[in-house]
Amino acid sequence: MNRVPVTTSSRTYDVLIGHEILRDAGKHIRVVLPKAKRAFVITSAPVRKHWAGIVTDALTAEGFEVIFLEMEDGERAKNMASVEDLALKMMAKGADRQSIICALGGGVVGDVAGFVASVFMRGIPVIQMPTTFLAQVDSSIGGKTGVNLKAGKNLVGTFYQPWLVLADPGVFSTLPEREFRSGLYESLKCGVIRRPDLFDRMERDRQRIVERDPGLIEWLITESVRVKADVVGADEHESGERRILNFGHTIGHALEAETAYKYFLHGEAVAWGMIAVTMIAAGLQRTDSATAQRIISLCLAYAPLPKIEVNAKKTANRVKGDKKTVHGVTHFILPREIGKVEVAIDVTDRAVVQAIEELKYLSFVG
């Protein structure tokens, strides 16, 4: 088992990473919440089918009363209606301020459950139990919670750190191939923004990674978590350095919104977003052609990314509604070299439209 501490101004907690760690979930939770009695496990139907038994046994062994609450999975369920539905179900089941929430699922479940925990009775503890690669290396860590609006992604939310994160790579045995590969892009992002060695490893050992080599996957998760923990620890509320974690996300979120969250998996949209801002960086001569080619090639190598058929101008307009837009100026994270990025405010609307047009072409010709 690997332990990565996350130290923020509001809370310090551990991310525990290891195969079979869910079987000891109750013991680990009991260490940080010795008096808790009732655990509301928010999950989706497919995840509950595979992992409810193990989680129930682990929690009841430590004296927890376990209550499962199901929500739909996918970005379309990431809305205020889901929040109200879960909160009302918790009230009906007798939840109080001594209750805890366990978020058992992917990024959407974690974001929604975390948001519910942050606002239910003005805040109750939340334990993150991520079941996708993407959630284990990114969304379960750092305290970002929230839901989408029709106008854009994650526009209503809170910063609310979990009490503990339990990342069990063993759950990937039931994870569909497309979802697994989609999640790998968050690790690739970590390599570009901070860790050249991680990027190099993903280039060198791509075949072993896509074949889910257990030791390599655990290493990849652990090192990606270290990047996230370091950045979040330095900037909990995204006022400065934490913005680098949005590499690829600004245009990626616009692609998701333009397709009504029905077409791309999150990691796939981020991959296209990373390619787009890399093209922009090369056009602005912020990075050299060799670096740009390495990033673009690795993004294309890890998965067959969905074709892009959106209207470039409409998608570019959605970028302006991104939460990273301040006083009408959108902040883009551009790569300079592998392991180093910059926050740019001089990217024109025309450059964004052109990048999306280039993505469309690239998505069809490969």
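Backbone N, Cα and C atoms are what each Cβ position is placed from, and that goes for glycine too.
Summarising the annotation, Swiss-Prot assigns NAD(+) binding site to 73-78, 107-111, 131-132, Lys144, Lys153 and lists sequence analysis as the type of evidence. The Zn(2+) binding site annotation in Swiss-Prot covers Glu186, His249, His266, and the record cites sequence analysis as its basis.
Apart from the site residues Glu186, His249, His266, the chain places the Cβ of Leu134, Asp138, Ser139, Tyr185, Lys189, Gly248, Gly252, Gly267, Ala269, Val270 no farther than 8 Å from the centroid of the site's Cβ atoms, the recorded Zn(2+) location.
The shortest Cα-Cα distance from Glu75 (NAD(+) binding site) to any of the binding-site residues (Glu186, His249, His266) is found for His266. Mapped onto three states, the DSSP output places Thr132 (NAD(+) binding site) in coil. All protein chains included, Asp111 (NAD(+) binding site) registers 24 other Cβ atoms within 10 Å of its own Cβ. Annotation: no binding-site residues among Asp73, Ala77, Val109, Thr132, Lys153 have CA atoms within 10 angstroms of the CA of His266 (Zn(2+) binding site). The two recorded residues, Val109 (NAD(+) binding site) and Glu186 (Zn(2+) binding site), show a Cα separation of 18 Å.
With the fewest other Cβ atoms inside 10 Å of its Cβ, the least crowded of the binding-site residues Asp73, Glu186 in this structure is Asp73. The Cβ of His249 (Zn(2+) binding site) lies under 8 Å from the Cβ of Val270, Gly273, each of which sits 6+ residues away along the same chain.
The shortest Cα-Cα distance between Glu186 (Zn(2+) binding site) and any of the binding-site residues Ala77, Gly107, Asp111, Lys153 is the one to Gly107. Here the binding-site residues are Glu75, Ala77, Gly107, Thr132; the one with the fewest Cβ atoms within 10 Å of its Cβ is Ala77.
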